[in-house]
């Protein structure tokens, strides 16, 4: 597999995993191993003295780079504080910027996201913003200095796949930074489609962690991302309205 | 004085530091970050930063998410 490069850092896996939704750290560990991921998100929350084990230990053992997110933030101000705390706690200036508009849809708020992105870039963060499938916003965030853009396929945890493949293609066509399809993946064919559309990577969590067999689905996602990437690089045949014989028509 | 540590009120002596507030929750220092009244207090300053009455101390760590 050709390498994915984000902000000058290279990854041989194009599957970025989330850690939310796994029933236990053991199940998560097995799924992460099967996925082959090298970059995985975590959330920042109040320390619980009763918590046993840490997701950080799992990632460290597997030598997976940690990507803190700002999940749960509704304003640019909240996202800024969360990113600064993550940098302090985890020693990374990378952040998946996620500012949501409401709890029912969990859709990203474009205004707050853009505001936070500008301020985080100015503070030296490597910013990967989660956004709607909006080509104009993706372009503006790239111009603002974001290291990648992360358009959704469908709402978080919905498993609805890629609802607007055309917009994802438009984002890919215009982008000079990596495009990472984030949210909405339900099964392997969704991940393959994202890569066929030209996305540079896929980020998913729920589709694996809440599958009946997470490690098996993780292996499926890994294969799907690789297959989709290869198909993209191979260049697919054009779609035709009618048949085109692949065997000679003359006797 | 009363300070809020992760949303819970604590009666603490005057001069209590951020480091002492963190130790009410954990002995760990790696993987943990602290904000007092929405401003990050870097780990190197925990021992020397004294809290004031009504301060809001947030002690965060990474959890499964995203």
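The backbone N, Cα and C atoms fix where each Cβ goes, glycine too.
Annotation source TrEMBL lists active site, schiff-base intermediate with DXP at A:96. TrEMBL lists A:157, A:183, A:184, A:205, A:206 with the feature 1-deoxy-D-xylulose 5-phosphate binding site. The feature domain 'Thiazole synthase ThiG' is assigned by TrEMBL to A:5-248.
A simple way to gauge crowding: the CB of residue A:205 (1-deoxy-D-xylulose 5-phosphate binding site) has 26 other CB atoms within 10 angstroms, across all the protein chains here.
Of all the binding-site residues given, namely A:157, A:184, the one with the smallest number of surrounding CB atoms inside 10 A is A:157. In this structure the C-alpha atoms belonging to residue A:183 (1-deoxy-D-xylulose 5-phosphate binding site) and residue A:96 (active site, schiff-base intermediate with DXP) are separated by 13 Å. Other than the site residues A:157, A:183, A:184, A:205, A:206, same-chain residues with C-beta atoms no more than 8 angstroms from the centre of those residues' C-beta atoms, the 1-deoxy-D-xylulose 5-phosphate site, are A:18, A:155, A:156, A:158, A:159, A:185, A:204, A:207. The subset of recorded positions A:96, A:183, A:184, A:205, A:206 lying near chain B, with Cβ atoms under 8 Å apart, consists of A:96, A:205. In the three-state DSSP reading, residue A:184 (1-deoxy-D-xylulose 5-phosphate binding site) counts as coil.
A separation of roughly 17 Å, to the nearest angstrom, links the Cα atoms of residue A:157 (1-deoxy-D-xylulose 5-phosphate binding site) and the residue listed as 'active site, schiff-base intermediate with DXP'. Taking the Cβ of residue A:206 (1-deoxy-D-xylulose 5-phosphate binding site) as reference, residues of its chain lying under 8 Å away and at least six apart in sequence are, in sequence order, A:18, A:20, A:21, A:156, A:157, A:159. Within 10 Å of the C-beta of residue A:183 (1-deoxy-D-xylulose 5-phosphate binding site) there are 28 other C-beta atoms, taking all protein chains into account. Residue A:205 (1-deoxy-D-xylulose 5-phosphate binding site) and residue A:96 (active site, schiff-base intermediate with DXP) have their C-alpha atoms 14 Å apart, to the nearest angstrom.
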